[in-house]
Amino acid sequence: MELWYTEEHTDKVRFSIKVDEQLYSGKSDFQRIDVFKSQEFGTFFTLDGLMMVTEKDEFIYHDMIVHVPMATNPNIKNVLVIGAGDGGTVRELTRYETIEKIDMVEIDKLVVDVCREYLPQTANKLDDPRVSLFFEDGLKFVRSVENKYDLIIVDSTDPFGPGEGLFTREFYGNCFKALKEDGILVNQHESPYYEEYARGMKRAHKRIKECFPVCRVYQAHIPTYPSGHWLFGFASKKYDPLNANIEKWNDLGLKTKYYNTDLHKGCFALPNYVKEMLENVDE
């Protein structure tokens, strides 16, 4: 009998991957965690039935959430990562010798433990000496921090369940306070394509705009995320990613599978329907 993983993107659209075997299934205090093995996408894991990471396409997401801000400000030294229990965001950050400290706040320790065992491709740098792990609520963590970080990356789940608090006005305001005077905030910004995801995207964008003087959105194509069209938010107290001297990033000699400085410029060029959504977030 064939085994298929199926995710409902809407009540009328489903996405499926043929599964060779289920490697893990468990429930933490926060969510259900499943790990599957497939021929097409390698090992992948889901939270409450929603796709988080696959071995085959994780490089796209992690390249874009890390290298865009790092190319915008090459002097980033102290980083806070919220969520990111699979470790892929931390893995990419550790490639920068200039980074001195990475604090990672993940509410669910079991996610990290499972990814260490079944997804070493993404979790293999969590033991880097610059990395400190905090298993607590990211919303509460940033409340007590002020003027500490050069970069905050919010690598969260969708705006419901354990990740819901990471899409609030209070949270973004606390991130602003936790950043230094030239700090950058980057977050996964959902998809603009399906209505439910678009609502979450617009709500998050509106709240970030209320907090930061520089607020932009960029995009990537991620095959296993709903619609494949995925957005990221870029907010800053000072730096505009389109006016930065990003060519200096090439001098670092980092080998990436997705990100490059041409793509950096192009990813901020948005389709008209997305531009209209962002222009109308106040309505």
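Heads up, residue numbers simply count up from 1 along the chain you see.
Cβ atoms are placed via backbone N, Cα and C, with glycine included.
What Swiss-Prot says about this one:
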DOMAIN    2-237  domain 'PABS'
BINDING   Gln31, Glu106, Asp137, Gly138, Pro162  S-methyl-5'-thioadenosine binding site
BINDING   His62, Asp86, Asp155, Ser156, Thr157, Asp158  spermidine binding site
ACT_SITE  Asp155  active site, proton acceptor
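Sequence features, as recorded in Swiss-Prot, placed on the structure.
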residue	record	contacts (Cβ under 8 Å, 6+ apart)
His62	spermidine binding site	Gly88, Thr89, Arg91, Glu92, Thr122
Asp86	spermidine binding site	Phe45, Met52, Val53, Glu58, Val111, Cys115, Leu119, Thr122, Ala123
Glu106	S-methyl-5'-thioadenosine binding site	Ile82, Gly83, Ala84, Gly85, Val112, Leu133, Phe134, Phe135, Gly138
Asp155	spermidine binding site	Ile65, Val81, Ile82, Gly83, Ala84, Thr89, Asn187, Gln188
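Rounded to a whole number, the C-alpha distance linking Ser156 (spermidine binding site) with Gln31 (S-methyl-5'-thioadenosine binding site) is 14 angstrom. If you count neighbouring Cβ atoms within 10 Å for each of the binding-site residues Gln31, Asp137, Gly138, Ser156, the highest count belongs to Gly138.
In the three-state DSSP scheme, Asp155 (spermidine binding site) falls into the strand class. Mean pLDDT, taken over the domain 'PABS' (2-237), works out to 94 on the 0 to 100 scale.
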